[in-house]
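Colleague: According to Swiss-Prot, the ubiquitin cross-link annotation covers K5, K26, K30, K39, K47, K57, on the basis of similarity to another entry. Sequence annotations record features per position, and here Swiss-Prot assigns intramembrane segment to 105-125. The S-palmitoyl cysteine feature in Swiss-Prot is assigned to C133, C143, C156; the stated evidence is similarity to another entry. Per Swiss-Prot, the feature N-acetylserine maps to S2. Under the heading phosphotyrosine, Swiss-Prot lists Y6, Y14, Y25, citing similarity to another entry as support. The region 'Required for homooligomerization' feature in Swiss-Prot is assigned to 2-94; the stated evidence is similarity to another entry. Taken from Swiss-Prot, the feature region 'Interaction with CAVIN3' applies to 82-94, supported by similarity to another entry. Positions annotated as region 'Interacts with SPRY1, SPRY2, SPRY3 and SPRY4' by Swiss-Prot, on the basis of similarity to another entry: 131-142, 167-178.
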Amino acid sequence: MSGGKYVDSEGHLYTVPIREQGNIYKPNNKAMAEEMNEKQVYDAHTKEIDLVNRDPKHLNDDVVKIDFEDVIAEPEGTHSFDGIWKASFTTFTVTKYWFYRLLSALFGIPMALIWGIYFAILSFLHIWAVVPCIKSFLIEIQCISRVYSIYVHTFCDPLFEAIGKIFSNIRINTQKEI
């Protein structure tokens with residue numbers, strides 16, 4: 001560490017030698033990551049979003065894909081004028097498109113804020129209230145389950161075993177009379 005220049009395995013030039021074990025907070029992380037084949041962790045808040053495919057998990061495939069043909073249809077023998085049909089199609093499609101954009105512009109960010117708060121509260125309650133309550137219940141119920149198990153093995157098992165032996169010798173013969 002005399003201030004000399006060093007070259008690492010990838011050819012990068014640096015002044016202070018890098019520890020082979022990794023940084024001081026995670027000793028052996030460099031060697032362990034290669035040995036354990038750990039994946040690189042990405043922060044969910046800094047990931048890029050896809051502006052083309054906005055439903056990558058196909059949440060709304062069957063619900064909101066409503067086109068003109070799904071709502072308005074004229075059966076054979078009952079047709080309006082072609083111009084009216086084309087104008088209706090255009091009016092429906094453009095109105096749906098721009099009204100959705102208007103609603104998204106007005107209410108999209110407030111609704112995202114509300115749903116973000118809601119799911120944050122839900123996650124918080126699940127992590128800090130629900131799971132600890134269930135774990136404590138399971139710990140507390142364990143002593144009751146032991147007492148119940150002793151009761152069943154002491155009283156119920158012999159009783160039902162005796163009843164089973166009583167009814168095990170019953171034989172039924174059926175005869176068919178003509």
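The count begins at 1 with the first shown residue.
Heads up, the Cβ atoms here are built off N, Cα and C, so glycines get one too.
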Colleague: Restricting to the region 'Interacts with SPRY1, SPRY2, SPRY3 and SPRY4' (131-142), what is the model's mean pLDDT?
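Modeller: A mean pLDDT of 94 is what the predicted model shows over the region 'Interacts with SPRY1, SPRY2, SPRY3 and SPRY4' (131-142).
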Colleague: Hey, how far is K47 (ubiquitin cross-link) from K57 (ubiquitin cross-link), Cα to Cα, in Å?
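Modeller: With distance taken Cα to Cα, K57 (ubiquitin cross-link) is 16 Å from K47 (ubiquitin cross-link).
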Colleague: Just to be sure I understand the packing, how many Cβ atoms besides its own are within 10 Å of the Cβ of C143 (S-palmitoyl cysteine)?
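Modeller: Neighbour count, Cβ to Cβ under the 10 Å cut-off: 9.
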Colleague: Using the alpha carbons only, what distance in Å do you get between C143 (S-palmitoyl cysteine) and K57 (ubiquitin cross-link) once rounded?
Modeller: 45
Colleague: Cα of C133 (S-palmitoyl cysteine) to Cα of K57 (ubiquitin cross-link): how many Å, rounded?
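Modeller: Just about 32 Å between their Cα atoms.
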